[in-house]
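Here Swiss-Prot flags A3, L4, H5, F6, G7, A8, G9, N10, I11, G12, R13, G14 as NAD(+) binding site.
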Amino acid sequence: MKALHFGAGNIGRGFIGKLLADAGIELTFADVNQTVLDALNARHSYQVHVVGENEQVDTVSGVNAVSSIGDEVVDLIAEVDLVTTAVGPVVLERIAPAIAKGLAKRKAQGSERPLNIIACENMVRGTTQLKGHVFNALAEEDKAWVEAHIGFVDSAVDRIVPPSASATHDPLEVTVETFSEWIVDKTQFKGALPTIPGMELTDNLMAFVERKLFTLNTGHAITAYLGKLAGHQTIRDAILDEKIRAVVQGAMEESGAVLIKRYAFDPQKHAAYIQKILGRFENPYLKDDVERVGRQPLRKLSAGDRLIKPLLGTLEYGLPHRNLVKGIAAAMHFRSEDDPQAQELAALIADKGPQAALAQISGLDAASDVVAEAVNDYNAEK
């Protein structure tokens, strides 16, 4: 089996690429970073530091790399069995034209072999969004063939992969936590279902997507935003602050009440899942910076993302949301010189005031009680 993975960054190498290579799949990375491409093609291997209760170093071998712009990547799409991505939500649109060209070439070659494409991004139904971008780039006469032969498979991914603080300055070395979860929608595959250790198949993906979004992502973001406000450097420092921990755990319990109502999750199992995630935030081996985790606050405050979506669930079911609102107020305070979205957020609040700004970003009604509550919390932190 052959696979092409877009994105040779830390998540690509440390998570999805590692699982594919470990499964004995012939793997090629596609990226724009020439330093990483050259290193991969010189060595065809790299090291992954897996940190947690037991620290180990795994070697991933037998990998190749190509530029994600150019003919080579198009040729590969025409011949592989699986395409995966870990490029970040905003980059999906940029790689879509190359995928469209590769699919058109595949059709022109008369290939009948199914190909499945899985976007492994920190977003809801990322592959469905990628499919939209690909179809925008396809010629009209190719669309029916692609619909029949190409599976666009949505997934939920979960593994904390902080930027590597490699002492060796090796561009390929990566550190990951022990925990990992890759859940894919088995109803969307074309052809036989693959057997890849570490890939879990489900016919109820949205339950897992929202479980991860409402727990890991919600908790991670609120830890970062409250941590930044309190002057903490890392997620671990922040979650060990009892005041912050109480709000974060409270927010995850509030979002969890939505999940229990919506998907009939077992309350005790979900409480254990929350505790496991709090333990992951405490991992002393992960030097995860609050500024990195908090970046792109406009996206994280949008209606379908980790802060507002669980809040909307609490409003839908008439459930408490006090801690979620505190997290939203903290997100509105996020400032970073290195993040254009943080600067845009600050400018929007300065221009329109917190009430109108939050309503515009989140889609919440500016006159609603919940926006008033968030604005009160925001002003209390000034």
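Count begins at 1; order follows the chain as displayed.
Cβ from N, Cα, C; glycine included.
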Under a three-state reduction of DSSP output, how is R13 (NAD(+) binding site) classified: helix, strand, or coil? helix
Sequence gap of 6 or more, Cβ distance under 8 Å: name the residues on the same chain that satisfy this around G7 (NAD(+) binding site), in order along the sequence. F29, A30, D31, T85, A86, V87, G88, V91
With H, G and I counted as helix, E and B as strand and the rest as coil, say where DSSP puts G7 (NAD(+) binding site). coil
Can you give me the same-chain residues 6 or more apart in sequence from G9 (NAD(+) binding site) with a CB-CB distance under 8 Å? D31, N33, V36, A86, V87
The number of other Cβ atoms within 10 Å of the Cβ of R13 (NAD(+) binding site), counted over all protein chains shown, is 30
Using CB atoms and a 10 A radius, I'd like the single residue among the binding-site residues A3, H5, I11 with the highest neighbour count. H5
